[in-house]
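Visitor: From TrEMBL, for reference:
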- A:12-32: transmembrane segment (TRANSMEM)
- A:39-59: transmembrane segment (TRANSMEM)
- A:79-99: transmembrane segment (TRANSMEM)
- A:111-130: transmembrane segment (TRANSMEM)
- A:182-202: transmembrane segment (TRANSMEM)
- A:223-247: transmembrane segment (TRANSMEM)
- A:267-286: transmembrane segment (TRANSMEM)
- A:316-334: transmembrane segment (TRANSMEM)
Amino acid sequence: MSEQIVYALEVFANGLMSGVLYALVALGFVLIYKASGIFNFAQGVMALFAAMTLVGIQNGQVPFAHLINAVLGTHIHHFGWHIHSVLALIFTVGVMILLAVAIQRFVFRHLVGQEPIILFMATIGLAYFLEGFSDLMWNSEIKTLKFCVAEGTCLPQGMNMAIDEAAYNAFGTGFFIDNLDISAAIVAVMLVIALVAFSQYTKQGRAMRAVADDHQAALSVGISLNFIWILVWSVAGFVALVAGIMWGAKSGVQFSLSLIALKALPVLMLGGFTSIPGAIVGGLIIGVGEKMFEYCFGTGQCFGGIINLGGATENWFAYVLALVFLVFRPQGLFGEKIIERV
Amino acid sequence: MFYREAGDFKTSYSKDNQTFPIKIDRVGYYLVLLVAFLVVPFMLNDYWVNAIFLPFLIYSIAAIGLNILVGYCGQVSLGTGGFMAVGAYACYKLMTTFPDINIFFHVIIAGGITGLVCVVFGLPSLRIKGFYLAVATLAAQFFLVWLFNRVPWFYNYSASGQINAPERTVFGIEVTGANTEAWATYLFCLVFVVASAWIARNLTRGMTGRKWMAIRDMDIAAEIIGVNPLKAKISAFAVSGFFVGISGALFFAVYLGAVEVGEAFGITKSFLVLFMIIIGGLGSIFGSFAGAAFLVLLPVVLKVVGVDMLGWPTDMVAHLQLVIVGGLIILFLILEPHGLAQLWRVTKQKLRLWPFPH
């Protein structure tokens, strides 16, 4: 096999892996959209907030240290302890549940019955609020996220040597795949299985699906909408936490983490807003598509370099792909057919 | 002198149809124009112009443009930053290619070019609706910024990749470049603002505007009663693009002078203008001004209070600003989904009765 084909395969595999990460973020969108019809623009910022909270709790940072120092003239910054990752994870889940309650209590309870576009704009406001809030709470410097279950067993990072070596023996060239991407893929699969199990086999999950199906019918059989919405936002918060850990471990916990939400949007459009399998398939298509497009046309390495757009096509490829796709199928791959009535 | 229609007799149809039917409104409008043109220019210094007046005027035009698309025609767009960049780069190319033509025309032609680009990206709106369209306009945002970054022709092959506004004059007075007077730039922008507001106001209360609003309220029903959705949507995109392009051209040429596209016209700009029209009021020209004024003044006020008076660190005030802007948007949507413009309308309604509430 020629070197170039192996290299293309490598790009393909890495595209799949980053597609998994996109799908993780998109999953959170779909959950909330299905259950409450809210298109949650703040999902990416929630991932950022979750990751920052996890790191902050792990390192024993004092929340709002900056603000307290500025107001009271003190110089506090750390409690001086380190908390075990798993314990910190549990605390962070608690914080995300609190956040879900607060969002439901202070924002969306007052916006019941508004048009979807108003709700969407409210989530943009929420995204801004949460972004400033997490910076205030845990300050905005770039943090490294290390997630260790026990001493020495952390989230793996760096190149996977086994695959690289196997490829070298088979084809005579190396094959780069990040260990972190592999573990992200495994975690994503586990998460999806857990979500499906939750929504199919538990009482709350069934109630959640009922609400997604028809609000009023669910209300009339005695399901508390308020509780279900809090539950949905908590689950979305948990998904955001997982996405935040994976992205944070990959590229550091920093502001750009919230921009992955923008990347998740074309994924959703491809897959359809209401479909969990759609989010995953869409994520994989976008991940592979943008990596292959960048490889082939962005840097001009396919077909003898006929087309060379000069790189950085990843910025827009996903959106243009989704745009072109939507013109032919407005509801996405797996979305419900849009029926409009006067 | 109460705020009433009563006693203000109209004797012709044109008087009956005027924009400001109440006399105090009319007088107030001319008074504001008078102050803006004849008083303010003499009281300005560089700080006031650069911190408040120029951004306010330029964002007002952008907000009017976006309001036509989102507020009147109901097509949510997140590509404003990209379209402003089109205006800026079109203006730059025109200024450097035809240096003899007055910059006044360059700005207008740049608006026209942006209108055309906007139409191209608006075409999918015939198939794609709602959220899907909002996300689709992100394609315009990211693609256009990438394009201006990557194709050297747009920035005349300059080494830095930036575009710099050359010095241009109107009636012999410099309005762009390094040696401009504060009042000259202010007046130059003000002319565009007044013209844009006047055009937008008259378009939206006429046949075109009613078609847009019909499409916004329910596009299928509008189609059934004979509104051509193709024409209505495309014209909204074109007019909106025209104004946004003008504001982008002014933003680059008069306000900033030098532009790096990703920084000046990134996605944050799109959201900023969108927030302006949400806070100001969707579907209102006055709201576009109110929202622009609010979001231009807020950071200035916060900076004065937080950094200068309380001595807090700058980055913390910036974070606090995000929290406040986000919180305000949510608060506005909860309390008054129609924005500052609706508050103004309610005030006027109350004033009509004051001081006799029954």
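Note: Cβ is positioned from N, Cα and C throughout, glycine not excepted.
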Visitor: Taking pairs 6 or more apart in sequence, does the count of Cβ pairs under 8 Å between the transmembrane segment (A:182-202) and the transmembrane segment (A:111-130) hit 3 or more?
Guide: no
Visitor: Could you name the stretch, out of A:12-32, A:79-99, A:111-130, A:267-286, with the greatest number of CB pairs under 8 A to the transmembrane segment (A:223-247)?
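Guide: Out of the listed stretches, A:12-32 contacts the transmembrane segment (A:223-247) most.
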Visitor: State the non-local partners of the transmembrane segment (A:79-99) in its own chain: residues 6+ outside its ends, Cβ under 8 Å from one of its Cβ atoms.
Guide: 46, 49-50, 53-54, 57-62, 146-149, 230, 233-234, 237-238, 240-241
Visitor: Using a Cβ cut-off of under 8 Å, list the residues of the same chain at least 6 residues beyond the transmembrane segment (A:111-130) that approach it.
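Guide: Result: 37-42, 44-46, 48-49, 103, 258, 261.
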